[in-house]
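Everything on this sheet refers to the single structure shown next.
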Amino acid sequence: MKGGGLHCRCSKCFAAPPRRRIKRRPRVLTLLSLPEDVLLYVLECLPAVDILSMREVHPHLRSLVDSHSSVWARASFQDVWPSSENLNLFERAAECGNFEACVKLGIAYLYNEGLSVSDDGRAEVNGLKASRFFSLTERLNAGADPFVWLFIRPPWSSSGSCCKAVVFDSLNEECGTVTSGEGATGALKGSIQYCLAKVLSLFEDDDKKREALGMLESSASNGCLHSAYLLWETKQKAALSDPGRYLQSFRQLRDYAARGCWDAQISLAKACGHKNPLNQEQRSAGELVNQVFQSSLPINKSSIFTTQKGMNDTMRYILIDWLVEVATMKDFSSLCLHMTVGLVDRYLKLRSVPRAKLQLVGIACMVICTRFISKEILTIREAVWLTDNTYKYEDLVRMMGEIISALEGKIRMPTVVDYKDVLSHLIPLDRNTLHLCSYISELSLLYTELSMYSPAQLAAGALLLARILHRQARPWPAQLAETTGFTLEHLTPCVVLLHKKCFHDDAPRDYRQVSLTAVKQRFQDDLYDQISKEKVMDHTHLCELLGVPCHDSESPATCPNAADFHQFLCSPSGNKTKRRREESIQEDRGSFVTTPTAELSNQEEDLLGDFLDWSLETSCSGYEGDRESEGEREGEVTAPSGVLDLSLLLTEHPQCQDSTTDDDSITLHPIPLLSKAENGTDSIEGCVEKSSGYSSVSSGGSPTSSSSPGLPFTPTPGLNHSKLTPIPFPQPCSPLLKASRRQVKRKNQAQHSEDNLSDEL
């Protein structure tokens, strides 16, 4: 075609060059491409050591780390302890508001653990530094009771300078320099004064007790709610005789309870059960008591096994059973035991713990709880001895820091015992019913399936079950239903599951086929009227009385497989005696050898040399003030010993097989071995000789059935009292008691001469 004409689009006359498609380079996305707030969040979730590494990667990361204190405030120091190499890292994080760093630094300086200081003036230097970080800890303590006092509580060292006393004096001086008033400064002063008052109240000196009252008044004026409640407790007895003063006292208590003081809420609930002329006041307070029971939430303990990959129900059962035996032999209260188990469960839900350290976690939690609520403490060195020196002194000190920091200082939490005590004040209970309720409550600690119910429901269910087993005509009266908000219909599934787990299913057995019955042995004591020997109604009969279908499939007791099991825990009876069977006989406490009671310093340990066989020669730490009372040094209190060993026993090695009899004397030689899955080999370098006590079983075992006859309680508006009818019990028959069987408190075979120890101290 001629120029200027239109071209067609055929292939002959139109051949336009194809358009090139330019490939765009893909955008390279890196960590630095994230928004700054997201990048900051990533840095805050890193361990402290990794933050330093990230800081060296890029100038932008260095700028974020240096300019944002929140990175260090939220840095994790899990399984890291202060030392001379990382001291600057810990101090920087503490100054930025890192709670974990403050707790660990305070404990490290107090116990001289990890941070070596010259012996000249060690108590003064360490005490001042520990005081500084304990003060920072209370400043950062949000939502928990003031707790640093449990580390400096008496007894104090009577020889030479005492680090605890230095911390106390330093904190007292700090309170003197801080002006009283509202705000963060006043709240900090109130918390520290509360801690100082708690320390002073534990002395036997009357002058110190009066000084403690003055400290509480000053603390309450600075806004400390816990101090105000303690002052109310001291004045409450005098107010009972005067109706006007009682009314004022009752209103104060109601105010403290409404402001969130847990102890005040419990005291208020108990006061509602007393007969007094303030009926109108009680009715208004009854609504708050109902809220206390209804606000109790279930604690999902089954999530423990999500965090603890190598742990199962049986291993937890064995650990709790061992803690019950320790509490029994040391005469610790039921509240202390429940708090210890709660502390263990909460820590295991947060932090992954190697199997070899489960016993360490348990005994460390008991040390913390005894110091928090008991007058008589479990000393660190005695706790180490209870585990047969499986762990060192410094291991327990560090584990205490890990637990306190992981739980953010929240030690005291509502327990079944708290709600049980309230219920015992609401209606009159006979002695045997109260003991049976306590027995059921402690049995409930052993089973994770029961955690589907809240502590308040478990306490109510335990009381209801106890009254049914004792054939009360109206086991759940209208007064309890109105006060707690739990009706008989709501509690029936909980009661059925409690009875099934506690009385119907068989208890797990250890590797020697011995039933783990520490709770049963605990309640065979005359103190509890031997309530665990009572014959209990069978499960079928209970279901018939409650009108629910009976699932009478008994869960088989979990027994270890002889071809594959790990020795887990030894009884706290020492390594020379067997764990007592049910036919054991109770012995008098006075006939026992007392336990080590002194927390010796390095110098004192060098002077004593090999006289004290505590297997702590490698320990470079110690605190001379951590010892027990004078009465314990004279033999008034005894304690067991136990051991944790996770050596794998294989059938290919017949020399390692358990071939003991009940009369043999047992000796344990712990050897640190790893399982085949952990070290990738089938060989072992030694064998563990025949041992007594607890053992774990295969990881797939479970001591209980997973079936549950009911669902957790859901509060419903309104109470239906038409169903609160008497349960038709048959005529009572004479109870058939089992043969009298008591537990023997074992003597320690190691020779610890208390007379010579006192001379050296």
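Backbone N, Cα and C define each Cβ position, glycine as well.
Among the features that Swiss-Prot reports, motif 'Nuclear localization signal 1' is placed at 19-27, with the record citing similarity to another entry.
Taken together, the residues of the domain 'F-box' (28-75) have an average pLDDT of 90. Swiss-Prot lists 28-75 with the feature domain 'F-box', giving sequence analysis as the kind of evidence.
Under the heading motif 'D box 1', Swiss-Prot lists 316-319. Within the motif 'D box 1' (316-319), the DSSP-based counts of helix, strand and coil residues read 4 helix, 0 strand, 0 coil.
If you look up Swiss-Prot, you'll see 355-358 marked as motif 'D box 2', on the strength of similarity to another entry.
Feature annotation from Swiss-Prot assigns region 'Disordered' to 575-594 (among others).
Per Swiss-Prot, the feature region 'PEST' maps to 589-745.
For 677-761 (among others), the entry in Swiss-Prot reads region 'Disordered'.
Residues or ranges marked as compositional bias 'Basic residues' in Swiss-Prot: 739-749.
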Composition by DSSP (helix, strand, coil) of residues within the motif 'Nuclear localization signal 1' (19-27): 0 helix, 0 strand, 9 coil
